[in-house]
Amino acid sequence: IQSFFNSSRSNQTLLSALNEEKVVLFLHLLGIDTNGHAHRPNSREYQENIKQVDEGVKEIASLIDNFYGNDGKTAFILTSDHGMTDWGSHGAGHPSETLTPLIVWGAGVNYPQKVTSQVFEDNFLKEWKLENLKRLDVNQADIAPLMASLIGVPFPLNSVGTLPLDYLNTSALFKAESMFTNAVQILEQFKVKMSQKKETTLSFLFTPFKPLSASEQINLLKKIRLYIQQQKYNEAVSLCKTLINLALEGLSYYHTYDRLFLGLSIAMSFVGWTTYVILVIIKAHTNLTKSVPTNKKKSTVLFYGFASAGMIIAFFLLIQACPWTYYIYCLLPVPVWYAVVKEIPVIQDLATNVLSLHIGQSIGFLLVCILGIEILVFSFFYRSALTVGLLIFAGWPVITQLWIQVKTKAMIWTLLCVLLAIFPLMPVVGREPNIPLVIAAGLLTLLVSFFSLASLCKSENKYRANEDLKVYFYQMFCVALSTYVVSSTHNSLKIKQGLPVMNQIISWMMLVSSPVLLLLSPTFLFERLFSILLSLMSTYLLLSTGYEALFPLALFGLMFMWINMEQEALQHYGLSLKPKLAVFDFTCAMDITQFRQLHLDDVRRSFFFVFFIVTAFFGTGNIASINSFDPASVYCFLTVFSPFMMGGLLLLKVAIPFVLVSCAFEAVQVTTQLSSKSLFLIVLVISDIMALHFFFLVKDYGSWLDIGTSISHYVLVMSLTIFMMVMNGLAQLLTTQRLGLPRRTKHHST
């Protein structure tokens, strides 16, 4: 800044530009933001940075005043775009993130006003010892009209801010005229928005914003002008604020004018599509209906009827000059509902079969399905809903009488459900690092590995080679090394010595070698799943900073028991003979004819899968918001700020619990002879019902977190089926593929 002003002495163009009227100098002091993310706001580095910037502001203000010869014609505004949490993130709705300072001084600015008492929810005034000075809170949008007013330029065209008059040291007439201009400027936006909507809506369908009709506008403007003429400036200002509020309400009204109409169209598409998928499941994958011959004459009439409806809708949109997106939203329900109505014979046949069943059981099943989906929806907002779901799962063997045939397994299942239910009650990961818990998770993984290896060595499997055990020892060594690297790295960072180069090399080597070691292990069910756990844990430990390191262990334990419990459930309902899981090989190709028809219990099986996937999402935090992520998670790999590399590593961390669930479900799917196509159709129905919830919960107001999270939830649920198909493909690759290494052959002397 010093060199910028100095250069103006030798640059006549710059000097003349600086000496013009109504000049704005904009300074963006980024250092504090970067420092807060890297070291957190309560650190020594951040405090020193604050002090340096504070001194810098004083120096710059003095520099500018001196350049202009202390003419008293410069106004200064110091503010911030956002705050920060104690753990160095922002984007949520917490006051520490949304409350920012606004300090204004200089030309045209009012002096601080002394007060005896003032009430605010926070304690900032007390902390800063400013209780005796009046605090004037404004919205961020109000700063633009304040700047415009101070330098005497028109308010920005699309500004929705209200001029904060208390900041101005001007006459009452100037304040009243400025507020009147502000009101007219926002009213013009309202009028433009109204005329745009009126032009694209049929006159008999147009509903204007009644509180601000044309006559009401004229009446308010006349009243304000009269008050100013009569020197009733306070009344004029008050009426201007009323007009501004009405105009802003009207802007929002016209902005969301078509929301209900478009929302209903999309809801109709959702309901129609979900109904169609349910009909496809019932027709192709169950024995509930018999094949019904199609009536060609009725089909033709139906086709022409729906085609006519589509043409009428398209014409209606055309004469209103609607955007092309409206055609998609409004025409989509036509083919979807045509496909549903075509299946009316199937619906009639299904209704007959359902009515012949026990009506109480049917209603009970429907209520359980609704309750399950609502718990899933609630879990996106309240992680504790996952705890409720897992506790219900804990009682599943008792409810279904499964515990009678397998008491020990049922007890272990219940204990693991309760253990996993603790995680959603814990605070979101990343706020407070706890490296001893990461070390404990590493040691616990090694302990579990030793017990598992011991039981594998005892078991008699004629297909197993002893050399396969070496792979497990290598993987266990990787887990031990990961535990050491995490401890060593964080100790080094604590004493400000940075990331040790050797630790960084080891971390990247482990990341690359883990999947290779996994593919060297045998493809027997339990052995391959055990190998998957060890490989993923060695990477997950390197990306952990606290209790989340224990999460994959608890999740894997439950998944392991789930595979066992599903076998018992299959036998309990008499659907299949119980295969020997100990010698079950993933590579044994399953004949398509072995797939059985769907049973009601398969809906529960699919729901378990969706629930466990959601638990993997939200078990240790809300991944729908960037606010949940802590850069400390990637410090074993890099400490230099690199958004894409850090983002990639954090996504890998998020994906690891999904892979565990998907691999376990691959085992469930194959051992219970369940067709993946029928499974994904059930998942599609569940995700579509959830998506319909989230569609109506999308927000366009509030904090970044409120808006971003509501959109993220909708997108996550909409892409759930595609995501699960990708995960299923990855699970098949991880469970069935094996890299063959050349084995040493033994030579016998003759």
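Here the Cβ of each residue, glycine as well, is placed from N, Cα and C on the backbone.
The structure displayed is predicted, hence computed values, not measured ones.
Listed in TrEMBL:
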type     : residues : note
DOMAIN   : 249-703  : domain 'GPI ethanolamine phosphate transferase 1 C-terminal'
TRANSMEM : 260-281  : transmembrane segment
TRANSMEM : 301-318  : transmembrane segment
TRANSMEM : 362-382  : transmembrane segment
TRANSMEM : 388-404  : transmembrane segment
TRANSMEM : 411-429  : transmembrane segment
TRANSMEM : 435-457  : transmembrane segment
TRANSMEM : 469-487  : transmembrane segment
TRANSMEM : 499-520  : transmembrane segment
TRANSMEM : 549-565  : transmembrane segment
TRANSMEM : 606-624  : transmembrane segment
TRANSMEM : 679-699  : transmembrane segment
TRANSMEM : 711-734  : transmembrane segment
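Residues of the same chain lying 6 or more positions beyond the ends of the transmembrane segment (549-565) and with a Cβ under 8 Å from any Cβ of it are 397, 402, 406, 409-410, 412-413, 416-417, 419-420, 423, 437-438, 440-442, 444-445, 448, 525-526, 529, 533, 536-537, 540-541, 581, 608, 612, 615-616, 619-620, 656-657, 660-661, 663-664, 667-668, 671. Outside the transmembrane segment (711-734) by six or more residues, the chain places 380, 518-519, 528, 532, 609-610, 613, 617, 624-625, 658-659, 661-663, 665-666, 676, 680, 683-684, 687, 690-691, 694-695, 697-698 with a CB less than 8 A from a CB of the stretch. Averaged across the domain 'GPI ethanolamine phosphate transferase 1 C-terminal' (249-703), pLDDT for the predicted model comes to 82.
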